[in-house]
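Here's the structure, in structure tokens; my notes come after.
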Amino acid sequence: MSKKKSNSGLRFQPAGGNRTPQVPVGKKQRLDIERLAGDGRGIAFLDGRTWFVSGALAGEAVEARVLNARGKVVEARLERLLQAAPERREAPCRYYDRCGGCNLQHLPHEAQLALKQRTLAEQLQRVAGVQPEAWAAPLSGPEFGYRRRARVAVRWDVKARQLEVGFRAEASQDIIAIDDCAVLVQPLQSILRHLPTVLRSLSKPQALGHVELFSGTAEAVLVRHVAPLPAEDQARLQAFCEQANAQLWLQGEGEPAPVDPAAQLGFALAPWQLELAWRPGDFVQVNAQVNTAMIEQALAWLAPQADERVLDLFCGLGNFALPLARQAREVVAVEGVQAMVDRAAANARNNNVHNARFFQADLSQPLAGTGWAAEGFSAVLLDPPRDGAFEVVQGIARLKARRLVYVSCNPATLARDAQVLVGQGYRLKRAGILDMFPQTAHVEAMALFEAG
């Protein structure tokens, strides 16, 4: 059946009425950037839409290319700088405009810290309706040369019949060939510089998955492989690692294992004369200097006395529990993963720490019903993952702790949990950022709560 043409000039609209047409991907648009979002992108407003522009700073006029548009939100990338902000700097890294590892190198370090502090303050105010009674100065270390672990992407290009080695591009699976990374600690920079050559020299590069680099009490290279490595390739990798004074670890279908069974990875906590052993796959803070400063601040805020019992929730390998045990009468440390509990307990034994007890518990559930939770504590330390500690803090007042330090890698969940703690009678005494990841917008924070 034929349809008559309409002469009204109106286009057909789907059910729901008139809709604003979407901004096409790839379109270039001139924008005036008004402020920075918490993730470091510039924010602009145009035609009723909010634009998020990566690489742009507040006060700049830019030409941006649309990457994605949905509803009233447009994501874009800086294409051309029309008017630069006075604080803009030339990114120190020559790969910065392509690599996805860093996103704030164009912003001076002091301004990065101010952005992170503002992000934390806004989350606390917006979500919890609170501000700390006092702000702590940001905990920060070197802005470059701080990262003690890295994951190197590896992919066999079937068409070109060559191995790609490097870091992922921003929001992409593309691999950027990089032989120098300014945020890595020096020993890993040296390994990274020569790694692509040795990987491409292997007889079966198609067998490679990805490679991880670690630095601590020793350096290590972990090679993940999706098919068995020929003996000659393993020997070549071993020779490379020996020349780099690094351990070689391999991982096929099972757990990572060192080629030398006696090899161990560890990191030192010098102020407490501790050395913690760990394995690839375990959570370890990437920034050694800020990690030490973070522990020192947590202990200063908690101020555990020699006659007090302290609870450490989400204890991991014992990063906080063992230093706490140097000051408190007893530390009870709890972690959700049994393998981590076992390693934390082993770390305590190996460091002659005898006043710390370790337990496994599902910390996504309330604490009620656990024997160790019924014992009572003077102070509590929480260091949860990004999801926060919502279930745990629901009934934390029953522990009768006077002081509580919350270490967070997500200001949004910290603010959510702070609202619960304030509702239970705790006061937010102090808060501040931990600059664990300079040159990125990632915010870590610490907050001190006191009862009554």
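Any Cβ shown, glycine's included, is placed from N, Cα and C.
Feature list (source: Swiss-Prot):
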type	residues	note
REGION	1-25	region 'Disordered'
DOMAIN	22-80	domain 'TRAM'
BINDING	Cys93, Cys99, Cys102, Cys181	[4Fe-4S] cluster binding site
BINDING	Gln285, Phe314, Asn319, Glu335, Asp362, Asp383	S-adenosyl-L-methionine binding site
ACT_SITE	Cys409	active site, nucleophile
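Known features from Swiss-Prot, placed on the structure.
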residue	record	Cβ contacts under 8 Å, 6 or more apart
Cys93	[4Fe-4S] cluster binding site	Cys99, Cys102, Gln105, Cys181, Ala182
Gln285	S-adenosyl-L-methionine binding site	Asn291, Met294, Asn319, Met436
Glu335	S-adenosyl-L-methionine binding site	Phe314, Cys315, Gly316, Val341, Ala344, Phe358, Phe359, Gln360, Ala361, Leu363
Asp362	S-adenosyl-L-methionine binding site	Gly336
Asp383	S-adenosyl-L-methionine binding site	Asp312, Leu313, Phe314, Cys315, Gly316, Asn319, Phe320, Val407
Cys409	active site, nucleophile	Pro385, Arg386, Met436, His442, Glu444
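Cβ proximity to the [4Fe-4S] cluster site centre (mean Cβ of Cys93, Cys99, Cys102, Cys181, cutoff 8 Å) flags the following additional same-chain residues: Tyr95, Tyr96, Gly101, Gln105, Phe167, Ile178, Ala182, Val183, Gln439.
Helix first, then strand, then coil: DSSP counts for the domain 'TRAM' (22-80) stand at 0 helix, 36 strand, 23 coil. DSSP gives Cys409 (active site, nucleophile) a coil state; it is part of no helix or strand. Per-residue pLDDT, averaged across the domain 'TRAM' (22-80), gives 97.
Residue density at Cys99 ([4Fe-4S] cluster binding site): 19 other Cβ atoms are found within 10 A of its Cβ, drawing on all protein chains shown.
Across the residues annotated as binding S-adenosyl-L-methionine (Gln285, Phe314, Asn319, Glu335, Asp362, Asp383), the two Cα atoms farthest apart lie 22 Å from each other. Taking the Cβ of Asn319 (S-adenosyl-L-methionine binding site) as centre and 10 Å as the limit, one finds 26 other Cβ atoms among all the protein chains shown.
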